[in-house]
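Engineer: Just dropping this structure here.
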Amino acid sequence: MGRENLGAGRFWHDPVGWSEARPHPLARLPRWAAWLALALLAVSLVWAAFAATPAGGPDAAVATSDTSAGEGGSQGDLALYARISGRVMAGEDYYAAAVAEQRAGNYPVRPAVTVRLPTLALLHGWIGIEGTGLLLKLLWPLAAIALMLRLRGQLAGPERIACGVFAMLGGAAAAIPLAPLIHELPAGLLLTLALALYRPDRWWPALVCAAMALAFRELAAPFVALWFVLALWQRRAGEAAAVLGVLVLFSLAMTLHAQGVAAEVQPDDRASQGWSGLAGPMLPLAALANLSALLLLPHWLAAPLAILPLAGWLGLGGRSGLFAGLWFTGFLAAMALFARPENFYWAQVLLPAYLAGFAFVPRAIADLARAAGLKHS
């Protein structure tokens, strides 16, 4: 087996340690696996180019809702959140305002997750919508710089610069006027910071960022759950206990959130149609294109390009590459299975980190070519 054996036994014993020891994991694939990966990538790119169709774009977030509620832009999700925040800034209770506005706009209020967590509206009440926008514009470059610094030991100079540039492009939504109303945007920026700030001997700043991301959007939970699994797998007891503590606190917060919503719900209020969209992989790809600078490209080009960052992260190696690859793959698969087309904005929690993977695509392709015997070392 030689090179082809990849140390599978060690991987199952310590996947993070295994990945840290292999900065070019794709270069170590058996020849047949490298050919399979190249073929799968090529087929996926061609399929995405032909399957791509216009799928909304950022303006669709204003004009659509979780259940196709509302008629006209004034009834869109972001207009709804603006009205809720306006009432909260005027001193009204968040849950009374949120449920009343969603009821008036024919939005569902059952189950409780159809009502957003109060964090963003409370932040608006504290520093205002404009202040929130400035905060997001500050977090945007900080996340990109932190990611560059985190990966400086794994990347050459040009790759590091490209990583920062693509991370900035991935977070471009922070620059739009409606950015302060998008719950997924601060969650995504904070999760990128959590990914970038993690150090084995100093993990608490990353955990603080992940916990704050959870406070903005429960869609951050898969990131934290994956972190817990890997920490437990590595037998890092203190770290695993702290991450579990965050998940427990999050569960308690969601319970209180559900109680706050339930106190305002009436028997005839609308319920969600559920999350079993089975929309397929084109939905998350189109979402990533629509929510980043890829929006500027034609659909037939943006959709296949949205696949490439995942390949880049999978080829990076190290703890960051392993964690990001698992997180992105799992989240995109979940979107393909459960999200409906109007839920495309879920993908915002992956940004800007996801798009930074473009910087690692050349090494991933080169490593696959080397493993397939198409390129000599």
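Quick reminder: no glycine exception, Cβ is built from N, Cα and C everywhere.
According to TrEMBL, the feature transmembrane segment maps to 32-50, 126-149, 161-183, 203-233, 240-262, 282-308, 320-339, 345-366.
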Engineer: Flag the pair the transmembrane segment (126-149) / the transmembrane segment (32-50) as in contact if three or more Cβ pairs fall under 8 Å (sequence separation 6 or more).
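Structural biologist: Between the transmembrane segment (32-50) and the transmembrane segment (126-149), which are separate recorded stretches, there is no contact, as judged by 3 or more close Cβ pairs.
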Engineer: Which of 161-183, 203-233, 282-308, 320-339, 345-366 shares the most C-beta pairs under 8 angstroms with the transmembrane segment (32-50)?
Structural biologist: 282-308
Engineer: Restricting to the same chain and to residues at least six past its boundaries, which positions have a Cβ under 8 Å from a Cβ of the transmembrane segment (161-183)?
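Structural biologist: Those are 58, 61-62, 78, 81-82, 85, 116-117, 119-120, 124, 129-130, 132-133, 136-137, 139-141, 143-145, 147-148, 151, 155, 189, 192, 216-217, 291-293, 309, 345, 348, 351-360, in sequence order.
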Engineer: Could you pull out which residues elsewhere in the chain have a CB under 8 Å from any CB of the transmembrane segment (345-366), counting only those six or more residues past its ends?
Structural biologist: 24, 26, 61, 77, 140, 143-144, 147, 155, 159-160, 162-171, 173, 182, 184-185, 187-189, 191-192, 195-196, 213, 217, 219-220, 223, 284, 287-288, 291-294, 308-316, 321, 324, 327-328, 331-332, 335, 339, 375
